[in-house]
Amino acid sequence: MRGVVKLFFLSCSLVSLVSSEETGKSPTANYDHYMPKATATIDPSVFALSNDFEITDVPTTREYTFDITKALASPDGYEREVYVVNNMFPGPVIEANTGDTIIVHVNNHLEEGQSIHWHGLRQLGTAFMDGVPGITQCPIPPGSSFTYQFTVSHQSGTFWWHSHYSNSMADGIWGPLIIHSPNEPLQRGRDYDEDRIVFITDWVHDNSEVVIAALATPEGYKGSPAPPQGDAILINGRGQTNCTATGSSSCTYPPPPEIHVPVNCRVRLRFISATAHPMYRITIDNHPLEVVETDGTAVYGPTVHEISIAPGERYSAIINTSEGKEGDAFWLRTSVALGCMFGGIDQVGLAVVRYTGNGMVSTEEPQTTAWSDLAGATTPCAGLDQTYTLSPRESFSAPREFSQSHVFNSQRGAFVNVYGNTFQGYGFNNISYQNQIFNPLLSIVQRGGSCESTLVASTTFPDLGSGNIIINNLDGVIDHPYHLHGNEFQVIGRGTGALSLDNLTNIDFNLDNPVRKDTLWIQGGSWVVLRITTDNPGVWALHCHIGWHLTEGKLAVVVIQPGAIGHMEGPESWTNLCANTDPNAFGPARRSPSPSIQSSKTSTFQYLREVKGKVVKRRGAREA
């Protein structure tokens, strides 16, 4: 018999939510006095995973409630309004075992729609739960609720969850998701003793809507057409900004976050990059990093002094704490990879790795120095899999035979929107994604329709088997991290230039246990071939995980087994998300030009509302 574990996180709601049990109708929100009243909780200690968590193959149900609200927070010393889940910044850690069913009740207390995506989880058989507005669902309306329910099948490792509505992820709606398994190649107690999460994000002092609106103007954001690098780097929710640059008298310098690790142990550090833009390089003074996982795949990897990590990627590394003594402290340094951050500034986020034991915990800052062989400011950006061999510990050679190959040409340039206006943006195959947010593509295919349109680049794998996805990054010198939903892929080939279908047979592919990932860094002017198994019917997003590029249209879809999708049925609550909405309305994006198109649910559900054009005042002066 399946057990049930219910985990309810309590928070201060900023709007009152009237439940369906009380009224018999869909929940509605009361927006009276809608200013933030709570101060978000920032507690880096929650990222130390407990050894008391039972890793078992007996499935259970793990139930959570997520209240999405606004709050005030000063994660880097500068106070701003943030979005939070259960008043936590970052949001709560989800921890489960392979085979468990995860249920998450999401209550949206914001003034705009929301959704939650479970980054890296395949959603095998539950495509309706992938959490992408306009692709797999309609957004959760303001003041309403939706329950995500799915079983974690045949996966373990390091994942995360985040909002997939516009780029509101960058405002604080994200958190770790850890899946254990007694059959995982990496075993606690054998391969490592302790488990810690290192959750890394960039942090901008303006709300994401302000940034998106500014980028749509000729002046750009702070005078630049490029997305922001970030005002600070946050590690487990804390960072240090340049208070002088903010012009705010209330700005403070909070202490760096601490990661406590026992002495004489092997500690697994799970690095998660939730950043909206930069690639980061992570290093720990005096501690080599043994790479043992990438994107949920346990690997035999190198031992390095520095790990490059792209937006959306995850890496686990093991460090040895037997060389020091209780009380020793070392700097963990996270720096921006300037080789792919044009016009960027040298920026380092710091955390303290401190050895603990049975005595008093020291509060002294480390006196350690960085490794002498770290990447320089002009070092080109490259994924760790490009520089080193990452061999999956569970060996799985790529299928020799494949049914189809499809090409996505990734481009930046001029596109034409549905109103006939030309705009600068990103896209695939000469199409910049324009999101009909109340007409999900999954629903269209379920009804027997097609994703082929001028609104989104798409490709279809009709049958069970294996196939190739070729991505040509034609964006000149601009690198991108690409994330594929619903699938893990095997990286079987890379090269410079562009690869056509005609030249595919001339490539010597690596089919012998290639690395398996779901997020991949692809340099400008290069190509990659991904081998996938087409066993998961659904409409799956393929997009750049630089959130600002996504709002500019850097998204395509991969349709797998459309015939099988026609026999799938989502829950009634999923269908009801689209009730009383306009299927022709477009969701928020950097280049959405017409504020007149709205959902018919105008009283509470204004996706293209006036906030896109309003001025939001900062609490401090802009940088010069």
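Glycine is no exception: its Cβ is also placed from the backbone N, Cα and C atoms.
Positions annotated as signal peptide by Swiss-Prot: 1-20.
Residues or ranges marked as domain 'Plastocyanin-like 1' in Swiss-Prot (evidence: sequence analysis): 69-183.
Residues or ranges marked as disulfide bond by Swiss-Prot: C138-C578. C138 (disulfide bond) counts 26 other C-beta atoms within 10 Å of its own C-beta, drawing on all protein chains shown.
All protein chains considered, the CB of H543 (Cu cation 3 binding site) has 26 other CB atoms within 10 Å. The Cu cation 3 binding site annotation in Swiss-Prot covers H164, H485, H543.
Sequence annotations record features per position, and here Swiss-Prot assigns domain 'Plastocyanin-like 2' to 195-355 based on sequence analysis.
Residues or ranges marked as domain 'Plastocyanin-like 3' by Swiss-Prot: 469-562.
The feature compositional bias 'Low complexity' is assigned by Swiss-Prot to 592-603.
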Next item on the list: Please report the number of other Cβ atoms within 10 Å of the Cβ of C578 (disulfide bond).
Entry: 19
Item checked: Local backbone state of H543 (Cu cation 3 binding site), from DSSP in three classes -> strand
Item checked: Spatial separation of C138 (disulfide bond) from H164 (Cu cation 3 binding site) - C-alpha basis, Å -> 11
Check: C578 (disulfide bond) to H485 (Cu cation 3 binding site): how many Å between their Cα atoms?
Finding: 22
Notebook entry, point to check: Sorted by position, what residues of the same chain at least six away from H485 (Cu cation 3 binding site) have a C-beta under 8 A from it?
Noted result: H117, Q123, D130, V132, D518, W540, A541, L542
Notebook entry, point to check: Excluding H164, H485, H543, which residues of the same chain place their Cβ within 8 Å of the centroid of the Cβ atoms of the recorded Cu cation 3 site?
Noted result: H117, D130, V132, I135, H483, A541, L542, L550, L555
Check: By DSSP, how many residues in the domain 'Plastocyanin-like 1' (69-183) are helix, how many strand, and how many coil?
Finding: 7 helix, 53 strand, 55 coil
